[in-house]
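I have placed the structure first, in the form of structure tokens, so that the comments after it can refer back to it.
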Amino acid sequence: MTKDRIDRRFAALKAENRAGFVTYIMAGDPDAATTLSVLKGLPGAGADLIELGFPFSDPMAEGPTIQRAAQRGLKSGMTLQGTLDLVAAFREGDSDTPVILMGYLNPVLNRGFESFAVAAAKAGVDGLIIVDCPPEEADPLSDALEAEGIALIRLAAPTTDDARLPMVVRRTSGFVYYVSVAGVTGVKSADAADVAPAVERLRKASGLPVAVGFGIRTPDQAAAVARVADAAVVGSALVDEIESAAQLNENVTEKVLLKASELAKAVRSARVGHEVRL
Amino acid sequence: MNAPSKPNDYSAYPDAEGRFGGFGGRYVAETLMPLVLDLGKAYAEAKADPKFQEELKSFNTHYAGRPSPLYFAERLTEHFGGAKIYFKRDELNHTGSHKINNALGQILLAMRMGKTRIIAETGAGQHGVATATVCARFGLPCVVYMGATDVERQKPNVFRMNLLGAEVRPVTSGTGTLKDAMNEAMRDWVTNVHDTYYLIGTAAGPHPYPVMVRDFQSVIGIEARAQMLEMEGRLPDAVVACIGGGSNAIGLFHPFLNDDSVRLIGVEAAGHGVSTDKHAASLTGGRPGVLHGNRTYLLQDDDGQIIDAHSISAGLDYPGIGPEHSFLHEIGRAEYVSTTDEEALAAFQLCSTLEGIIPALEPAHALARVGEIAQELGKGKIVVMNLCGRGDKDIFTVAEALGRKI
């Protein structure tokens, strides 16, 4: 049951009384070797959980940053299997950090849910987030993933009302991912004041930790979210570092890990001196 | 897997989850799910409301110019020497295509839902023009996403949309065509869900769009059926329409679905040929997958990445197809064939010179197959083709293909 790795990580975070820091990068951006070296460095830079995007040609819920990353990934030849290979290579040196794959349904559907689930479990994947697969359409995928102990992480959004919550948390495990802004990735800013009650509502409904993502770019924003959520997810801000380093011929791994550690510090120190909900 | 059996009553589709057999559904981001579910409810209520239907009918009659005529294409019939060829003249509608049927229906629904901003995607610009038109008529702001490539090759329609007060936003991602415009419209929608209505132009997308667009376009088939009974005293032997996303085709087909004697033939765009990598024939050359909110046939590579479609007709180069067509294809109720760019160009010219009707490149694809179908059916039989758009917008593309300067 590989989703245990997610449960263990959140239990440890709770014991430390701090929020988790979740990083997102895109597989194959700008190439597979760089992705692997970034992956290997992320836990040391303070990432508690890792989300690894697998590229899709038509990423309809992404802003320009992640969209361009997907195009770079595809251009470098990255595939769904290539993404699983990256996870397997990462697992050779790290058996503790949960890895969650994130992307769109069609590549997974194309591979076949069962074949994918078996291969993903073997590679050491702990969870899956599929942006365009709402719970109403998720049962066949849930069946395949559950059989391999992989969590299908559900998304909740500001538009998710109370009537819909039971549907959203049905058959979910690991954690719930709260999309803090109505919009695409990396464009609008999350408002911590709006996030807090939403997180509380989701915790109650699901009994699971709640990670908050979309719209967190700066250490201050990450810290503000970390005060109220169980984890803060940063994606576009890291992917921007990758893009600019690659364009300027700088060391991509160094730059993105530096950015990650700044954000990690902010998340880790967020609750010091603040009243904390346990 | 066994081939699914043909149903007895096609009006039972889609089911409550928006499924046509294994196709359709609602594959959208969670942010949009509550909206899509609301839209489903709002449409079901509107559909059952005689006032809504009456209002739509009135605008169809007095604004769009319905019913469109059913016309006996005598010279083409003689030319091919087979079955009688009739045209359903949807190119005579206000704005020059069948797209107004759907735009009128959806904008009345959007206003009923209290939405104050309209967005749309467009390929050839026909749907964009229809949407810009109804937005002007009802006083709502309108943003139309259009691939940058299409903005270039459909300049007259871009200008037309601007004249109608719409903002056209060129989309440069991908190949800058219809698929990319649809991605961008969905990004806008997810960002502006509180006030924005996404007026989708074809019978695809998340449920309830495929059923809603089909219902609004079914006016084509309902009229054609009644007109045919009046003119010939019987049903046609075959009905034919071009397919991009498939809205004009499903609008023509649907009222005939339960008439077993009527063959339904959809014509996809084969571009440079279905055996090349430059075509838009998703049923002939694709396989099922999920894109733009629904499960349907798609052009995709071995890894499930969507392949860019190609057609000389900007309105047909979409890598997917409405889910109801995928269903009709799989159970064998409708037949799907294809037409290359070159064949469409030839048919375009043939129709212009023989019937005095300059068709859009989209129905020219259907027309390119109508001769064979008429010959196959033989004398004494009847075939109806939907002439879903007029060719004014295409004269620049056609001139270029023919090596002429205008």
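The backbone N, Cα and C atoms fix where each Cβ goes, glycine too.
Quick caveat, the model's predicted, so the values are computed rather than measured.
Look at TrEMBL and you will find A:E51, A:E62 tagged as active site, proton acceptor.
Rounded to a whole value, the Cα-Cα separation of A:E62 (active site, proton acceptor) and A:E51 (active site, proton acceptor) is 15 Å. Each of the active-site residues A:E51, A:E62 was scored by the number of other CB atoms within 10 Å of its CB, and the largest score is that of A:E62.
Under the DSSP three-state reduction, A:E51 (active site, proton acceptor) is assigned to strand. In the three-state DSSP reading, A:E62 (active site, proton acceptor) counts as coil.
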